[in-house]
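Lifted from TrEMBL, the feature list:
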- 66-384: domain 'Tryptophan synthase beta chain-like PALP' (DOMAIN)
- Lys100: N6-(pyridoxal phosphate)lysine (MOD_RES)
Amino acid sequence: MTDLTVLPNGSLMADPGERGRFGGHGGRFVPESLIPACAELEEAFREAWADQRFRRDLDRLLAVYAGRPTALTPAWRLSAELGINVLLKREDLAHTGSHKINNVLGQALLARRMGKTRLIAETGAGQHGVATATAAALLGLEATVYMGAKDVERQALNVFRMELLGAEVIPVTGGSRTLKDATSEALRHWVTRVDDTHYCIGSVMGPHPYPWIVRELQRVVGEEARAQCAAELRTGVPDYVVACIGGGSNAAGTFAGFVDTPAQLIGVEAEGGAAVAFGRVGVLHGFRSYVLQDEDGQVSEAHSIAAGLDYPGIGPEHAFLNDSGRARYVTVSDEEVIPAVRRLARTEGILPALESAHAIAWVIRAAESGELPPFCTVLVTLSGRGDKDIHTIREAA
Ligand SMILES: *Cc1c(COP(=O)(O)O)cnc(C)c1O
């Protein structure tokens, strides 16, 4: 167990301070040339986040453009089958089909406030790339998206979407030609263009201040869910709060709304990308956390049926929540995911993203094994819709 008082103001999921540390995790492990850009960004975010006008502008975009608040839907028939009470936080209903728009709108507004005219982003399956291209179009910014060459081939439709939205997509041919390499390339490019370019990171990862900024921008998911649960539940707070984890942004945003309640927080990793279960502490993309690596400390490839969970690391704050015991991290295998998609589709008429189906799959397993007590209440963040995954689901059938 780590000492919980190591955070500057003593509370969990608070401001991680100037060094951006979450217990022994986090930090800012970047080339000397990026330190000023990170410091400038931190200061700009601190100012903006304390500025009521910035908050009002963002809230307005989230409402009139992204479609917030998203619904909290009781999963009536699935609940009856499992003998528990499942509530779904519907990020699948947000514009572009996932929670990613919350983060991207905030960072794009921040970039504009800082006088930047270009956004760059990394993307794996293309969901964060599409969200970034969308926000750039909305605010009249240029967008360049780095994507592993292998992913460019696998996700041709999302490449076309980004181009339709006016973004330039750059295939990254180094390394394993996937998300890990796209992220490294975006960081390298940022070094050369910090004057007019904001690097819009897609999850609670990267050097400080990114894990903190992205968690704060996703906090809206947890805060809305908290208020909606208060209205929906006799107890006011669910017994369990469950979310899937790639880098960990939808989970971090959700947990932020419940970290000060008695709710048990559960993060669900893909078995093939389970940094908490199978990783060791290391440095990746500018931060220290649990990372999948081989015996020589080389970062391993993650493998998941859900492209959005194909990341060998986990956000540093999750590593800390794990060490402190405040949140628990579990894994779900590819084989459990497709049945979970089908079950939610047939019981509720909702087709979840393969990523989100990991959270559903854990709830089903835990309810059926008796790990979840009868009649308990479980909030699940449904991070995105499954339309993008139709081909994968059909092939797996
Ligand atoms: C990108 C993505 C994820 C994984 O990202 P986190 O930062 O862990 O939230 C999960 N679900 C969906 C639908 C995604 O697009």
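Glycine is treated like the rest: Cβ placed from N, Cα and C.
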Lys100 (N6-(pyridoxal phosphate)lysine): tally of other CB atoms within 10 A of its CB: 29
Within the predicted model, mean pLDDT of the domain 'Tryptophan synthase beta chain-like PALP' (66-384): 97
